[in-house]
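Below is one structure, written out as structure tokens, with a few remarks after it.
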């Protein structure tokens, strides 16, 4: 037996010596490719020429060379080529359906010489941090990636990861370079070793404190030799090491084929190949970047550093080292997130739940440490996807009876913010619950026998018991409770951050997270340095206590003489403060009441004036002008009321900025269109000059900015009698610049000083009607949006007002809602409507407006009567005022919703404030309408709530043509349809004979009728066919177009039938 053993050893030595002897010759050694074949071939795009070339080539010779590097290459002593490189070569061989021969050379220089001599097709390099610099060769995309990492002994894991103190560091073959290492350890003594085994051994035996290497090679050695002695504590994104293929300049086709093949290898395949060789530290998920949206990329661009709130008592999730930097499970996970996103993390250390809440109220944080996912907290926090799940457990002293622990009479400690606290109190009412600050305190109370048990999660309980109470405490699962899902918490106002973190966490292999958890659970002798955390506060509190005692003595002497005067001053101050608050509340109530009382009759006046304008009565031109002037005066009065309410809201601090993603050009042109008619009437040019990218969106409050633009453009048009008004826009870095210039009379320097004061006007302004509030409100709104407004003017040289607003920008398209501007002409005649309003004039106005639309309505003067009507009969729509005697509109809606959730209810109020809208919708109304409401608004709202068909006509246009006479309106519709039908028949006849000129005449007549009635779909169809006829179209296409017009006429017949009483 002994003889056989020595014979085997001799044969092995002879084979090794023989291979080494061959290696000293120039002839290479051909190795058997022994890569795993379990991976599915990747799809590779190949041209037909590429395919023919590969078929003719039949085999590829790949050169590899010494020294061998695990895990890329395992030992080749047996003549087999195995390792990660072999797996990749096998995958390429199967994907391209071509044989690959592996030729081993003794050095890199020999392999490159063989490539240049044409003996091999390409060279597969080892891991290298420097690109190959031979000008005569070309390299492929990287096949394998490895990232720099930092390793230390298990007893040193909580040492700071950057320090100015002297320390000893081991590296291999000068990777990484000294400059990189000195960024973290500026005074380090660096020792360079020829092999990983020697360098890592020097850290394990204490000769060196740290080791820098690459992640792949280091992970291999840690798993094989040092798993019980060393651990990786940090990774960096650069400088990376990579393995590539080298080609001759003449091998461009093969280079392209190999690059296409490498490009087809996805993250999962990279992960499988790496996982087969290394047990931990598999960072292959970093090869492909996160798939982020443009908005998420913009958010990352604007947030390079994030503030993370942590409590170091939540071991093993969160700890801090002596630099107060985050460590533990969360620290390692955030290190991986940093590699994926480039984000740097700034630690905010808190010492208690109260301290954490205080930091969160400052609104300058981004992430809260590992938190248990809890739906009850989602009204103020947003949770990422969980990255760890663990059971909730009850921690008890060893020897305690588990079955009797959760029973009445027991005292159990639990964190005050624990997600199970409310549920456990309800489930076990007889237990005395002791609320403490964290699990560490809770377990200490159990160990010192101050409570019977504590509630925690299994990972925390395991860590604390094994490190602090190994022979004293144990735990068991809480029956009937779901596991704790550990997540990060972020502000609800940062949805992009939550989405980015979700994608980053989902990309990390679950096995890596389990390795991280296992690492921190098993680390020996890692204690929480509470003195380091609390020594400064202790000294500070002690010093403050001494100072407080001294100051109290001095203060007591002072108070004896001064207390009476101080109390009297406080009483007087309190009285004056109450008076000021009462006056402010009375002013707000007065403005709200007066707004309602004035808007109600003015709204009725405006409504009746609108009916007069649509009335069939014949007015003289003077009477029509008087009606128009009265309507204009009513609108001016309502505008004044609105401006006063806006000013009050701004002064009370109730105005809120609600930013949205908008196209600024669209917003500006929309506001300019409001004044185009007035500008044309005055003969002045109204022009817009935009230097913005039409595809770029900006985050603005469109309502506030629109109000400012309306004021500025309106003033410019109003005060300019000749010349032009120019609105321009541009972007300077992150600032939107808008300016409104006019060629008006200008403003003197003296008047400019008071122009932005409420109720003030310039000399020119006094010649025009106005409240003098526009510019004051505009400045307040711009200030609220964190912008500035500047006015430049001189007498007879015009005026320019410039806005500067800070904005976020994006090129991600935003959906633009379709706007319906046509008013449906057909409202169902059987619609039953009830009007509830205590003002007779308001009820009469609504009845007449509905009658104009062909709808009869019942009316009552209070909410109680309306409730009886609805209970006794069926109604489709209720229009109710808010303020009525007996029962108001809000209470009426609540009563109705108890038995009828389907009835459509519109609230009508003269108090034009947003809180009224919120109040009405909360009560159950379908819509809240501010007085005055026009005929067009009623018609549009009815069309929104009740389907009226697709083909409609413009009722207001028809009412004007028929002077409000419904019989005449109906007759006009029927006559128009008769003519349309006649023209369609004649058009078909002429189409059969090929007389397209006459066909066009008949279609033109149908188009004209459709324009007169406002039937947009029919008008568009006729116009489209009319445009095609001059060029000549096939008979089949013409017949199809005529059939489409006939269908639209049939739909219009149905609409007219519904309009008929």
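The backbone N, Cα and C atoms fix where each Cβ goes, and this holds for glycine too.
Small disclaimer: the values here were computed from a predicted structure and weren't measured.
Taken from TrEMBL, the feature domain 'Histidine kinase' covers 593-809.
For the domain 'Response regulatory' (832-946), the predicted model reports an average pLDDT of 85. According to TrEMBL, the domain 'Response regulatory' annotation covers 832-946.
For 965-1052, the entry in TrEMBL reads domain 'HPt'.
Residues or ranges marked as 4-aspartylphosphate by TrEMBL: 881. Residue environment of residue 881 (4-aspartylphosphate) contains 26 other Cβ atoms, counted within 10 Å of its Cβ in all protein chains. DSSP assigns residue 881 (4-aspartylphosphate) to a strand.
The phosphohistidine annotation in TrEMBL covers 1004. In the three-state DSSP scheme, residue 1004 (phosphohistidine) falls into the helix class.
Taken from TrEMBL, the feature signal peptide covers 1-23.
Sequence annotations record features per position, and here TrEMBL assigns transmembrane segment to 538-560.
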Determine which residues of the chain contact the transmembrane segment (538-560) at the Cβ level, with the cut-off under 8 Å and only residues 6 or more beyond its ends counted.
566
Measuring CB to CB from residue 1004 (phosphohistidine), give everything in the same chain under 8 Å that is also at least six residues away in sequence.
1022, 1026
Using DSSP, how many residues of the domain 'HPt' (965-1052) fall into helix, strand and coil, respectively?
80 helix, 0 strand, 8 coil
